[in-house]
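Engineer: Structure incoming, see below.
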Amino acid sequence: MNKGWLELESDPGLFTLLVEDFGVKGVQVEEIYDLQSKCPGPVYGFIFLFKWIEERRSRRKVSTLLDDTSVMEDEVVNNMFFAHQLIPNSCATHALLSVLLNCSGVHLGPTLSRIKEFTKGFSPESKGYAIGNAPELAKAHNSHARPEPRHLPEKQNGISAVRTMEAFHFVSYVPIKGRLFELDGLKVYPIDHGPWAEDEEWTDKARRVIMERIGLATAGEPYHDIRFNLMAVVPDRRLKYESKLHILKMNRQTVLEALQQLIRVTQPELIQAQKPTEGQSTEETKSAALKAPVSQESHRAHHGSHRNATDVGAEPPGALIRGPVMSAYSKPNSLAQNGGTVAAPASRLPAFLDNHNYAKSPMQEEEDLAAGVGRSRGVPPPAPDTDEEEEEETENVRRPLTPPGFKRRSSEPLPPPPGPEPGVLAEKLKETQRDLCSPLSIKTGAPTAPHSQPSPTPSNESTDTASEIGSAFNSPLRSPLRSANPTRPSSPVTLHLSKVLFGEEEPLLRLDCVRYNRAVRELGPHISTGILHLSKDGYLCPLSRLETGKVSPKGNKVEEPRESSEPDTERSRVTEVPQGEKFSPKELLALLKCVEAEISSSEACLREELEKRKKFKIDDQRRTHNYDEFICAFISMLAQEGMLASLVEQNISVRRRQGVSIGRLHKQRKPDRRKRSRPYKAKRQ
């Protein structure tokens, strides 16, 4: 039992992996570099490493020295987990167990739970024997130690082998029942440092005690002595960030629902204007695919009268409607009209935005298609009639027929070449279908309920999903209050959606932090710690502000408002509650951008923790790998090549010139200096 435990390094990655091997979940070990700063978050305990004093060593490992702070009451000592270190090199495991087995909110796992239950009420010595007789602990301990060398260096007579190397020791600082205890396995009793103040945490008192101890050991020198090291046992950061991300994503969904509900009440014309334009786009597609080319003058006159009759009454200012986007690709040879004259072709957009319908207005798309149909592509061969019929059937399935009361909007084709026209049309229709199926396309400004997929049939509401709108507000890693600052250009989706909602080019870049960040100030501190609640009338508040004392599980916190928000939309329109008094659309957009920034920051922190855990495992494998086989093979190869003897002689001569001791050769010189026998001198003469 007293043999076989190896020394462990003071490394947070090693201790973290050792905790996992013990079977403990949700715990990791971090290194503390600054004793002057407060420790963020909850801390289960501290593990302090210091250089062991030579004078305190003896054959009996447990020191019998007592002072005023030692706790000698058996009832107090036996009720906490304090064990004597009866096995050499086991202080690292003792320090970890002293922290873990004295915490109530840690998932210990089967091994440590069994040890804690079995040793309840035992004396410190009996607990030390229990640790030594647990093979699971010894196996986990040695699995993270460096391989022990096979041949130890020769010992010098009269000097203990322990004194030839520096020895370090681990102790624990743990809060137990409102008091700070120092648990040292090489002392008979635990040390009570007393309670901490009411206006401070136990970590503050522990830092003061450790700084005083370092100051006494270093005689007042600065507190950066390399002979000391401090590590903290804390909750697993990965679980923390995963839980935070879960809450943030639920709150993002709630904010999107609030924005959707608010837009339905304050801007119903966006939804009302969608019906005629959707039916109109279907007729435009059919007319472009079936009608033969006619004269330009008749189409111009018909198109001009139709735009004067429909556009003024149907299209709200600054709103983007789905109908023109659909018709743009179905009129390959149309011309833009302005008082009967042909408009000049508009300047081209960048290549990565040129083919996206959310990056340009409907009129610009018509002008682009009128300027060049087969631009940058060769003319495809004529398509058979069956392809046109299939495309027509696809469009009929995706869009219903126009109601009888609507007037068809005729296309304006130029006289095309007789051969390649059907092929170009089929290709444009395929592009239309691809754009409609794109998950990031935003054709209207009114978002719908979350988790809704784009429907092939039109409805009275928007077909954009909440996730699509949320993707428009991805922001870099910044603080919530800085998320509205113009530090980078907004995406085309964000700019266009803002223009649809507010009639401005870049309102998110012009947000007034005092005016539009009211939602961020009120709800910002709660977006990452609690669930936001959306009431039936569109008001947002944290669950802590609700009058109900009981909180439903996380899965039901947001689902209930989601189910009740849609049926109450019509009722909210009738009552016309002043939604802007609570949060305006711009304030909700600012809050949404704040949530997106927090999500990005949490995802980056989670990735960092995952990478750190991978590095811990890589370092542990490098530490525990046995390099003896490689070294022996390399030396054997040198000997076979005849290079080993010359290398040894060369290095010995270099070390002699530099005055470096080489073990036994240096030890044999000392008695030679004291020899004064005359035969020896005569022999030298």
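Any Cβ shown, glycine's included, is placed from N, Cα and C.
Copying in the features that Swiss-Prot gives for the protein in this structure:
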- Cys91: active site, nucleophile (ACT_SITE)
- 385-394: compositional bias 'Acidic residues' (COMPBIAS)
- 450-493: compositional bias 'Polar residues' (COMPBIAS)
- 556-574: compositional bias 'Basic and acidic residues' (COMPBIAS)
- 626-654: domain 'ULD' (DOMAIN)
- 273-325: region 'Disordered' (REGION)
- 363-425: region 'Disordered' (REGION)
- 440-493: region 'Disordered' (REGION)
- 550-579: region 'Disordered' (REGION)
- 659-685: region 'Disordered' (REGION)
Engineer: Would you count the other CB atoms within 10 A of the CB of Cys91 (active site, nucleophile), including those on all shown protein chains?
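Structural biologist: 26, counting other Cβ atoms within 10 Å of Cys91 (active site, nucleophile).
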Engineer: What does DSSP say about the residue listed as 'active site, nucleophile': helix, strand or coil?
Structural biologist: helix
Engineer: Can you tell me the mean pLDDT for the domain 'ULD' (626-654)?
Structural biologist: 87
Engineer: DSSP helix, strand and coil counts for the domain 'ULD' (626-654)?
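Structural biologist: Split into helix, strand and coil, the domain 'ULD' (626-654) gives 24 helix, 0 strand, 5 coil.
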